[in-house]
Amino acid sequence: MRKRGGQPWTPRDGTRCVLLLLVGGWLIIHLQQPVWAVPCLEGCTLKGTCNEELGRCDCPHHLMGPLCEQELPLENLTRVCTWRGYDIKSCTEAKGCPNNCNGAGECLGGSCKCKPGTFGSDCSLSLGPDGKPRLLADRGYTPRARGPRVYVYELPPAMNTWVNEARLDRPTTRLFQQRLVATGARVADGDNADWWFIPITLRGPDHRRLAEAVTYIASMHPWWNRTGGHRHMVVALGDTGRRETERGTLTENMTFVSHWGLYKDRLASGWPASHRNATDIVLPVFLTDLAHFHIPRGRNHPLFMTKADPARRERNGPFFFMAGRVCGDHSVPRTDGVWPHCQTNKSPGYSGGVRQLVHFHHWNRTGYSIEVRDKQYGKHLVTSKYCFGPMGGGHGQRQIQAALAGCVPVVISDGVLESFEPYLDWNEFGVRVAEADIPRLHEILAAISPEEYARKVSRLRCAAQHLAFSTVTGSFMGESGRFDAFETLLEVLRAKAEHPGVSPEGLRRADARLDAFMECREQEEGEDSTGLGGKASKAATAPRNPTGYSILGPRQLCSISHFDAGERGVTMCTGALYEYPYGGMICAKSPGDAVSCPRPWP
């Protein structure tokens, strides 16, 4: 068979047709449903889940039709499952549902078939006597007092839970959605929300998926049209952030939480500006294997100098350290002093050319270790004085590795905001060098006095807490999790919602709670709402807590650092990698029960 234009028909085309029929048929049936609670067609709950808020019948992978009454033919099911990243067995077996469907449903290939009366991707929702949705009503769920209040859109399974999360290398979206429930930030009624979260996984150029989701929620709910898309947010995990997934004017007012803070064009690298500082937030990369980088044995732990291997206690590693890919073509860079520095001209814009220039000027300098690979990578992160965190095919992550291990990060990335900038000042704990100054990098670092270096090191532990996802992974530097990356994101969202007219650069001055939080301390009782620099604010004059070493209440968070083994009041984490309990390791004592997950802070 041939398509129009003479091209041969392929199985992939057949898969696309099946998906279009499924989603298109669903939209024809449901798109014009009203916003308030409406009943589903009788018989929906026999094989599907009735979303009682919308009157929508959600089907498992292998079923279709208004009542999920039709079995998808095996050939079509195989194609659809393969296209979604499943083999046929894992596509249909009970495995990997959100929070085990909260005990209110059956898991079918990643999707919950909820019991009648409950609905949602994890069966956590039901309708109250007033006809409005409630969240985990039978468990006594209450939103947290501090805010923010985040509404999570319940999308059709084809847009959300049918994606095979097990194949994703960046699980941040799923983990964030879990933490919203565990922290009490999620609310069931969008009328009471400060923010509206669209829970779709965006890993690459997924603008069609985002456009489909936005079109759907604009048709089914009032809040998109009411706000013009403002304070609607997605987590975009691709290498170049917002630019990969935005869809013109449709998404121009949205907030993109991404890893890529490029705010001006770098066309030589093929990177148009992506980050919009007024709306967007730069989130640190979630590192899935902390042990690989020796981070649980890093210098930020208060017991490092007494419990670490004596050979590691002094910074006796390289003065300046970087190991990893240098050339866009994956070749070994030249060392004969000839430029271009790589074997071919393939991908010359990789890392904005920064890795290549740093290697070209400094590869053979005494005390500088700049290698393509290093078998002692983790050890050198802990023992080096400065660690280079360059860009890659977009955002980098080595600056995060460095900060978490206790090495002062060096960032060279003109026009790029790092994680949580401008709320987190990277110059306080790191070194930012202009790209034009790469040839004299050694002079810049040598000019940093011992006193200034000590100040940067003293700031590292607090900064590292904002860059770590400790509530998910477990503690590794004696931290409570209070100031971890997810909590920091929530705190920024809260402050932005409370001060809608304030620029990101001025938000800490306007909000004392945010200012105190970014310094790893709580706002003092009676402290004025004006933040950093405010005349009446104690936040500007109160003694800082540069280490952030204070446990607020009992240690609720287990530890993955062997420095904590045997320490009084500390529980060691158990469990396999990638199998964090719902809500993260802070919920390990109550797995599957998000309401019982500790909230050691309001």
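Heads up, the Cβ atoms here are built off N, Cα and C, so glycines get one too.
Among the features that TrEMBL reports, signal peptide is placed at 1-37.
Taken from TrEMBL, the feature domain 'EGF-like' covers 36-69. For the domain 'EGF-like' (36-69), the mean pLDDT of the prediction comes to 90.
If you look up TrEMBL, you'll see CYS40-CYS50 (among others) marked as disulfide bond. Under the three-state DSSP scheme, CYS50 (disulfide bond) falls in the strand class.
Secondary structure at CYS59 (disulfide bond), as computed by DSSP, is coil. Sequence-distant neighbours of CYS59 (disulfide bond): residues of the same chain at least 6 apart with a C-beta under 8 Å from its C-beta are LYS47, GLY48, GLY65, CYS68, PRO157. Summarising the annotation, TrEMBL assigns disulfide bond to CYS59-CYS68 (among others).
Residues or ranges marked as region 'Disordered' by TrEMBL: 523-548.
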Note down the number of other Cβ atoms within 10 Å of the Cβ of CYS50 (disulfide bond), including every protein chain shown.
23
For CYS40 (disulfide bond), list the number of other Cβ atoms lying within 10 Å of its Cβ atom.
23
